[in-house]
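S.K.: My questions will all concern the structure given below.
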Amino acid sequence: MSEIAHPTIQDGWFREISNMWPGQAMTLKVEKVLHHEKSLYQDVLIFKSTDHGNVLVLDNVIQCTERDEFSYQEMITHLAMNSHPNPKKVLVIGGGDGGVLREVVKHDCVEEAILCDIDEAVIRLSKQFLPHMSAGFEHPKVKVHVGDGFKFLEDFKNTFDVIITDSSDPEGPAESLFQKPYFQLLHDALREGGVITTQAENQWLHLPLITKLKKDCKEVFPVAEYAYTTIPTYPSGQIGFMVCSKDPNANVKVPLRSWSQEEEEKLCRYYNSEIHKASFILPTFAKKALE
């Protein structure tokens, strides 16, 4: 069988070049291209890297690597889940690799976790090539819906305790998930006291976008805060989240629920109650911009 070629791979190196981070590129050494297809919505590439395990790339942008995915998946999930007193019904928008689902079902209080992703190809290929992440799909509490998250949400009012939006960047199929009408849909789909997290880009590269995101969220939710995590294979090594609550008295910066240290170390490789608090502490330049 001939080797699979892809325009982002030259001389054995994958190059991630995007208008969203001009003048810089992330490169990973490729051991073998495992799969490439054009789905209905995006270009899907999966390759085995020499040092980061299998890598999922959508529209030429790294979504996850097996080496560092846990930082993102754990933080976007547990910042929301542990800011809610008793999350029983959880919705994941996007997240077709299954990583967020894997984290959601670590909480015994969860009775149902629904995932809605627009692209069946991401779900199908993650099950094939990212087994440690897609393990979440096999859990008995999980239901999967393939479709547009925006349209899916319109059918739900006062239904979910936590909604996690694990989207790609605001270009292509995920663009609408960064706009105010979407946050209103999230708000309306939550029960009283409900919490959301949503992927919210990078303080080094996207401060104007984050400033607008926070403003939009504040107009919809009484509580809206920006947190971030470190992750080596995302642009400039960080990614942020908006964490919002319908409860005006909520303090999402401090976990309402926490595991014992022993449980934490068993369940998580990145998240802990201390890092929950620390993730909201921003460097001066970002803090000033977001005030």
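Numbers here mean position along the shown chain, with the first residue as 1.
Each Cβ is built from the backbone N, Cα and C atoms, and glycine gets one as well.
According to Swiss-Prot, the active site, proton acceptor annotation covers Asp166. The feature S-adenosyl 3-(methylsulfanyl)propylamine binding site is assigned by Swiss-Prot to Gln42, Gln73, Asp97, Asp117, Asp148, Gly149, Asp166. The putrescine binding site feature in Swiss-Prot is assigned to Tyr72, Asp166, Ser167, Ser168, Asp169, Tyr234; the stated evidence is similarity to another entry. Feature annotation from Swiss-Prot assigns domain 'PABS' to 11-246.
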S.K.: Binding-site residues Tyr72, Ser167, Tyr234: which have a Cα within 10 Å of Asp117 (S-adenosyl 3-(methylsulfanyl)propylamine binding site)?
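M.R.: Hits: Ser167.
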S.K.: Of the recorded positions Tyr72, Asp166, Ser167, Tyr234, which sits closest to Gln42 (S-adenosyl 3-(methylsulfanyl)propylamine binding site) by Cα distance?
M.R.: Ser167
S.K.: If you measure Asp166 (active site, proton acceptor) to Gln73 (S-adenosyl 3-(methylsulfanyl)propylamine binding site) at Cα, how many Å is it?
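M.R.: Rounded to a whole number, the Cα-Cα distance is 9 Å.
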S.K.: If you draw a 10 Å sphere around the Cβ of Gly149 (S-adenosyl 3-(methylsulfanyl)propylamine binding site), how many other Cβ atoms fall inside it, taking every protein chain shown into account?
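M.R.: Result for Gly149 (S-adenosyl 3-(methylsulfanyl)propylamine binding site): 28 other Cβ atoms within 10 Å.
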S.K.: Which three-state DSSP class does Gln73 (S-adenosyl 3-(methylsulfanyl)propylamine binding site) fall into?
M.R.: helix
S.K.: Assuming the binding residues for S-adenosyl 3-(methylsulfanyl)propylamine are exactly those in the record, Gln42, Gln73, Asp97, Asp117, Asp148, Gly149, Asp166, what is the maximum CA-CA distance in angstrom, rounded?
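M.R.: Max span of the S-adenosyl 3-(methylsulfanyl)propylamine binding residues, Cα based, is 22 Å.
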S.K.: Which one of these binding-site residues, Gln73, Ser167, has the sparsest Cβ neighbourhood, judged by other Cβ atoms within 10 angstroms?
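M.R.: Ranked by other Cβ atoms within 10 Å, the binding-site residues Gln73, Ser167 bottom out at Ser167.
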S.K.: Measure from the CA atom of Ser167 (putrescine binding site) to the CA atom of Asp148 (S-adenosyl 3-(methylsulfanyl)propylamine binding site) and give the result in Å, rounded to a whole number.
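M.R.: With the alpha carbons as reference points, the distance is 12 Å.
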S.K.: At 10 angstroms around each C-beta, which of the recorded positions Gln42, Tyr72, Asp97, Asp148, Asp166 has the fewest other C-beta atoms nearby?
M.R.: Asp148
S.K.: Could you state the CA-to-CA distance between Asp97 (S-adenosyl 3-(methylsulfanyl)propylamine binding site) and Tyr234 (putrescine binding site) to the nearest Å?
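M.R.: So the Cα of Tyr234 (putrescine binding site) lies 16 Å away from that of Asp97 (S-adenosyl 3-(methylsulfanyl)propylamine binding site).
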S.K.: Counting only residues 6+ away in sequence within the same chain, which have a CB under 8 Å from the CB of Tyr234 (putrescine binding site)?
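M.R.: Non-local contacts for Tyr234 (putrescine binding site): Ile62, Tyr72, Asn202.
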S.K.: Take the C-alpha atoms of Ser167 (putrescine binding site) and Gly149 (S-adenosyl 3-(methylsulfanyl)propylamine binding site) and report the distance between them in angstrom, rounded.
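M.R.: Computed Cα spacing between Ser167 (putrescine binding site) and Gly149 (S-adenosyl 3-(methylsulfanyl)propylamine binding site) is 10 Å.
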S.K.: On the three-state reduction of DSSP, what should I expect for Gly149 (S-adenosyl 3-(methylsulfanyl)propylamine binding site)?
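M.R.: Gly149 (S-adenosyl 3-(methylsulfanyl)propylamine binding site) sits in a helix per DSSP.
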